[in-house]
Amino acid sequence: MMQKQIADRIEKIDAWLAKKEKLFAVLCVLALICLMIPFYWFGRYTAPLADDFNTVTGTYHAWITSHSIWQVILAAVEKTKGYYIGWTGAFTNVFLQCLMPGLGDYRTYFIASWIILTTFLIANFYFGKCLIVDVMGQEKTKWLIITVITTVIQIECLPVVYDAFFWFVGAEAYVFAYSLKLILAGIIIKELASDRKVRPGMLILNMIYAFLIGGTEFGPTSVLLICVLGCLVIFSIVRKRKSCYTLIVSASFALAWILTIAAPGNSVRQSMVGEKRGVIFSIVQALTVGAMRIYEWINPFMLIVPLLALPFIILCVKKVKFEFPLPVFVSLLSYGIYSSMYAPMIYANYGAVGQVNGYTNNVIYLIFILLWMGNVIYWTGWLTRHYTSRKKQSISCYYVSVLCGIFLITCVAHIPGDYCSFTLLHWVRTGTMQANMEKYLEREEILRNSPGEDVVVEAITFPEGIYTSGAGEITSDAEHWINIGVSDYYGVKSVRTE
């Protein structure tokens, strides 16, 4: 009698979930929209910092003197060539940085953060659709629910949120590059899942896109994408499925990646930090640093939120004709891939072992969450295939999800300052960001009207809890590189704070 009651209850819950799945998907999307509003709102009151001025000075002066888009593009190309020879090989990154929206104008700087935020969301949802809908053959409602939950974990616990979206040079070089590479991976995965023939025009476009993406940040995200592309190439050859397409697109990315690594500017930059470290040492230390970062990042929020999607993940994996073998191996492989992203920085001796800039740490964290959710789905699939009492497992997951939801609400209610949306919202609602923006506009007016003069401006501080690891404000030292960059941009003799 008891077993029959449990079975009946499970059937009712499954039927209810199936009917309400669209409602849950809509609620998830609405929740994400609410959580993203503070990001866009906060971005409205940000201003150029540090390298923003250095990269855009040439294009800004080209526009001021000629008002020609062509001259601006030529200036961006010239700057990219100079950086390729003297600083970094990431030619696509530098070129896009030179074309910052507004070319350094304070009033239009917010467009940059809005573009990066929107591209990040598009990349997450596109990649999720390629995996969940195109490969696994699931309903779009499950795609929305799982992707929203993954995105929420990513945005709410970012190591340095300002560097992720609001400092253009740092955000464009890393989070924007991460987004573009995620889209590239999705394009290839979707093409491999499709039964239609590869169209020549699409192949050419994908080649061009892959080459341009190869010219972005060549460290953590590129290392990961090389691993992914290698796996996709092996899969396509073994399965004899569009192997030429996969090889050509992957080779386009690899060619550009090699060009970025071989740039003379990288050697110039390397000479400033000392000799490179050994390969074995770098690998071992990368595994250690990876474990340290996981220990720092793991929190109740990250553990609880994925469980909210567990009923839908179970329904998802039950419909997939795949046995989910060797879950332990998959988890170890995931950890190895994740840790490998630290190896390039350690090998290049770029700072002390374990010391990672916020903008770099951000993308590694974003990828870690993708791997984290991937492992949750994989282990759920394996347990669903091997658990002896699937009915009991199913109903227990529903109850666990409800309890997790209650606990999560309690956590958020008591410690909202720990989550990025609440922190950003606080500083906008209190008027702090608006007041800072007024100060930035006053400063901009002074600098624009003081050509050739020694200018002293008021220091502007970040709100408490908001900081940047790579960007920086004008200092009291007129010879500081940030001050010099601002001076060159505005054409003043020097600038410093009071």
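Including glycine, each Cβ sits where the backbone N, Cα and C put it.
The annotation transmembrane segment is assigned in TrEMBL to 21-40 (among others).
Summarising the annotation, TrEMBL assigns transmembrane segment to 84-103 (among others).
According to TrEMBL, the feature transmembrane segment maps to 109-131 (among others).
Annotation comment: TrEMBL describes 143-162 (among others) as transmembrane segment. For the transmembrane segment (143-162), the residues of the chain that approach it from at least six positions outside its boundaries are 21, 24-25, 28-29, 31-32, 35-36, 39, 121, 124-125, 128-129, 132-133, 297, 299, 301-302, 305-306, 308-309, 312-313, 316, 358-359, 361-362, 365-366, 369-370, 372-373, 377, 418-421, 423-424, 462, 466-469, 471, judged by C-beta separation under 8 angstroms.
According to TrEMBL, the transmembrane segment annotation covers 168-189 (among others). Only residues 6 or more beyond the boundaries of the transmembrane segment (168-189), in the same chain, are considered here, and those with a CB under 8 A from a CB of the stretch are 48, 50-52, 55, 90, 93, 96-97, 100, 109, 112-113, 115-116, 119-120, 122-124, 126-127, 129-131, 134-135, 206, 209-210, 213, 216-217, 221-222, 224-225, 228-229, 232, 246, 249-250, 253, 358-360, 362-363, 366-367, 468, 470-471.
Annotated transmembrane segment per TrEMBL: 201-216 (among others), in sequence order.
Cβ atoms under 8 Å from those of the transmembrane segment (245-263) belong to residues 84-85, 88-92, 184, 188, 191-192, 198, 203, 206-208, 210-215, 218, 222, 225-226, 229-230, 232-233, 236 of the same chain, restricted to positions at least 6 beyond its ends. TrEMBL lists 245-263 (among others) with the feature transmembrane segment.
Annotated transmembrane segment per TrEMBL: 297-317 (among others), in sequence order.
Within the chain carrying the transmembrane segment (324-343), a Cβ under 8 angstroms from the stretch's Cβ atoms is held by residues 219-221, 223-224, 227, 282-283, 285-287, 289-291, 293, 317, 356, 364, 367-368, 371, 374-375, 378-379, 381-382, 385, all 6 or more beyond its ends. Here TrEMBL flags 324-343 (among others) as transmembrane segment.
Positions annotated as transmembrane segment by TrEMBL: 363-383 (among others). Residues of the same chain lying 6 or more positions beyond the ends of the transmembrane segment (363-383) and with a Cβ under 8 Å from any Cβ of it are 146, 149-150, 153-154, 157-159, 174-175, 177-178, 217, 220-221, 224, 293-294, 297, 302, 306, 310, 313-314, 316-317, 320, 322-325, 327, 330-331, 334, 337-338, 341-342, 356, 393.
The annotation transmembrane segment is assigned in TrEMBL to 395-415 (among others).
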Given a Cβ distance threshold of under 8 angstroms, which distant residues of the chain, six or more beyond its ends, lie next to the transmembrane segment (21-40)?
113-114, 117, 121, 139-142, 144-145, 148-149, 151-152, 155-156, 165, 312, 420-422, 424-425, 428
Within the same chain, the residues 6 or more beyond the ends of the transmembrane segment (109-131) and with Cβ under 8 Å of it are 36, 39-40, 43-48, 52, 100-102, 140, 143, 146-147, 150-151, 154, 165-166, 168, 171-172, 175-176, 178-180, 182-183, 185-187, 189-190, 193
I need to check the long-range neighbours of the transmembrane segment (201-216): which residues 6 or more away from its ends have a CB within less than 8 Å of a CB in the stretch?
89-93, 173, 176-177, 180-181, 184, 187-188, 191, 222, 245, 248-250, 252-257, 259-260
Counting only residues 6 or more past its boundaries, what in the same chain has a CB within less than 8 Å of a CB in the transmembrane segment (84-103)?
48, 51-52, 55-56, 58-60, 63, 72-73, 75-77, 109, 111-112, 115, 168-169, 172-173, 176-177, 212-218, 256, 259-266, 268-269
